[in-house]
Structure formats: structure tokens, C-alpha cells
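Listed in Swiss-Prot:
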| type | residues | note |
| --- | --- | --- |
| BINDING | HIS118, HIS122, ASP312 | Fe cation binding site |
| BINDING | THR141, ALA142, SER143, GLY144, GLY145, ASP174, GLY187, ASN284 | substrate binding site |
Amino acid sequence: MYSRKINMIILGIESSCDDTSAAVVIDGTAIQSNVISGQEEIHNCFGGVVPELASRSHLSAIQPVVEKALSDAKISLDDIDLIATTQGPGLSGSLLVGYSYAKSLSLVKKIPFVGVDHMAGHALAILLEEETPDFPFIALTASGGTSSIFLVKSSTDFELLGRTRDDAAGEAFDKVAKVLGLPYPGGPHIAAHAETGDEKSIKFPRAWLDKDGFDFSFSGLKTAVLNYHNKIVQKNGSITKEERADICASFQQAVIDVLVTKTINAARTHGISTVVLGGGVSSNRALRLAFSHECDKCKLQFFVPAAKLCTDNAAMIAVAGYHKYLRFGPGNLSDDVYSRSQLG
């Protein structure tokens, strides 16, 4: 256990996919700045993230984003006590930009450095809110790259209970959006169309996999949506606005049913009374409402961060890095990035 400096100032850096972000957080709780530079316009015409374009965009964005985070917090690099950056999982080229930049700052300014697992950031983002859960809790981290359920015993002790076996929830949203001719990223656009659709109109499959397990699979659902869409197009030449809305609503509900059911089952199985939601998919309003309703019905406490802390951001990385540093000390500058999560 490393001694904690009062009012420790952490610089967080995130570049795991297509968002370049830098944040300044004090003591793992107080956000002083949280700057995010997205790449939606770059990738929209491709219907998804192009890794090479993403890494190039990070290269041009990282310096000004960090400078703005420091400026917004009204501090300089000389005031930073710890640098925390995403080490994985994610796109290797994207990860390397933020990770290498953070290590360079650490070497030049002689500031302690720690690499952070992106999923830990999503699970601990709730600690940035005024109302926070007690440990242990069950955390669902649902994003574009992965969907996982963790038993979070402390801020540095995670047990992996279940993960996606193929497409993650966010990835399924993006792929279905592309099929329906909706822009990238798909989640917000599907959610918007779903508001005017009937979630009971189409019986899309729910992949429960093992009855008592907590793994996810959304590739079958994605294929079912593709086949349903193609049948309508083959018959009528195109789909109507109403048909698109019904597809969005029915698809979204199928994802929600699986995420909610498996997460609550994990809490029941392990005797945990608190559920925490994190990751980009958790900004979905229908998912939040479903979790709130089911947790209330099951007498479970439910926590979810503000939407701005659910999508990829450096503030959550700063929080996870702060706690990791206090327990394990500074990271090894010779370590490399990793594409698959090593959490739990």
C-alpha cells in the first residue's frame, strides 16, 4: 500500500478506440476537467471505426486535448502527481498513442505513471458521482468493444463473472444501425428511432447461452435483424419509417432483456445487493429505466453514472489509476498495451 498525498492531482488519458480524452481529477473523486475529442465525422461514412484512421486522428488530437484539460483545470504539468492512461483493451494503434504519450510525459517530467484497464474505468466511473455504492457490487460494463459482468470486491479487486463470446452489445448496435442505414455510432440513433416503435412487434431471439452462466452473445440477434430487414427489402424494395422504428425498438428490447436478466441473476447468485452500470451502452435511456425497474422490484440498489461519464472518457481512467496506484504503486514503463481485457 502506497502512502496517499492529500489532494493528489491525477492526469487521466484515454485513447482506446475513437475518442481522445484527457482529464484532471483530484483524489479520485473531484473532476477539474474532462476533455473529449470524438471522431464520428471521420468514421461515419464507413459505418464503423477504421483503426488506421482512428490512430492517426489520436496522433493529431492528443497534444491539444491534454493542453486543454490542463488549461480548463487551471494547472500545469508541474502540478500533476500521477499520470494514468488506458493500457487496454482496445485498438492497439489507438492505445499506443495515448499510452506512449503518457509514458513520455512521465519520463520527461518524472511523474509516476500507471496503466489502467479500460473496463476498470467503466466499473469505477460511478465513484465520480456524489452518491456512490459500497463495495462489493456487481458491475455490468457494456460498450462497443466488450460486455462484461464483474463482481467488484474493492476498487482494485475484480472477479470476472461473464463476458461477450462474440459481438459486444455496443458493437451489435453499430452493426444493426449500419444495416438500417443509420449513422455511426449506432446506439443513439437506434434509441431515437425505438422511441416511436413497438418493442413487441418483432420477436427477435434472446441468446441466454448457459442457463446458470453470465456470458453474452449478440451475433445471432444481429443476424436475425439482418435477415428480417432483407426479407422486407426483397418484398417491398425498401422499409418504411414505421418498420425501421419497430425493428429498432424490438432489437433494443432484446439486448436490454439479456443484459438486465443476466446482471440481476449474477447479483442474486453471489448474494450482492448492489448493481452498477457502466460503459457507453449504459447511456441508453431505455436500458437505465429497465435496470431501475427490475432492481427496485428485486430490492437491489442501482447506480449508474451521468451519461457523460458512461461513454469513453479520461476522468474514469484517472479514478481507476488513482486507486491502482495507491495499492500497487507506479507502473512499469516497459509494459506494453493489450487488446483484450486482463481484468478479473
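Cβ atoms are placed via backbone N, Cα and C, with glycine included.
Everything Swiss-Prot records as a feature, shown here on the structure.
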residue: HIS118; record: Fe cation binding site; Cβ within 10 Å: 27
residue: HIS122; record: Fe cation binding site; Cβ within 10 Å: 33
residue: ALA142; record: substrate binding site; Cβ within 10 Å: 28
residue: SER143; record: substrate binding site; Cβ within 10 Å: 27
residue: GLY144; record: substrate binding site; Cβ within 10 Å: 27
residue: GLY145; record: substrate binding site; Cβ within 10 Å: 23
residue: ASP174; record: substrate binding site; Cβ within 10 Å: 23
residue: GLY187; record: substrate binding site; Cβ within 10 Å: 25
residue: ASN284; record: substrate binding site; Cβ within 10 Å: 26
residue: ASP312; record: Fe cation binding site; Cβ within 10 Å: 26
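Comparing CA positions across the binding-site residues HIS118, HIS122, ASP312, the one lying closest to GLY144 (substrate binding site) turns out to be ASP312. Only ALA142, SER143, from the binding-site residues ALA142, SER143, GLY145, ASP174, place their Cα within 10 Å of the Cα belonging to HIS122 (Fe cation binding site). Secondary structure at HIS118 (Fe cation binding site), taken from DSSP and collapsed to helix, strand or coil, is helix.
In this structure the alpha carbons, written CA, of SER143 (substrate binding site) and HIS118 (Fe cation binding site) are 10 Å apart. Cα of HIS118 (Fe cation binding site) to Cα of THR141 (substrate binding site): a span of 10 Å.
The 10 Å shell around the Cβ of THR141 (substrate binding site) contains 31 further Cβ atoms across the protein chains shown.
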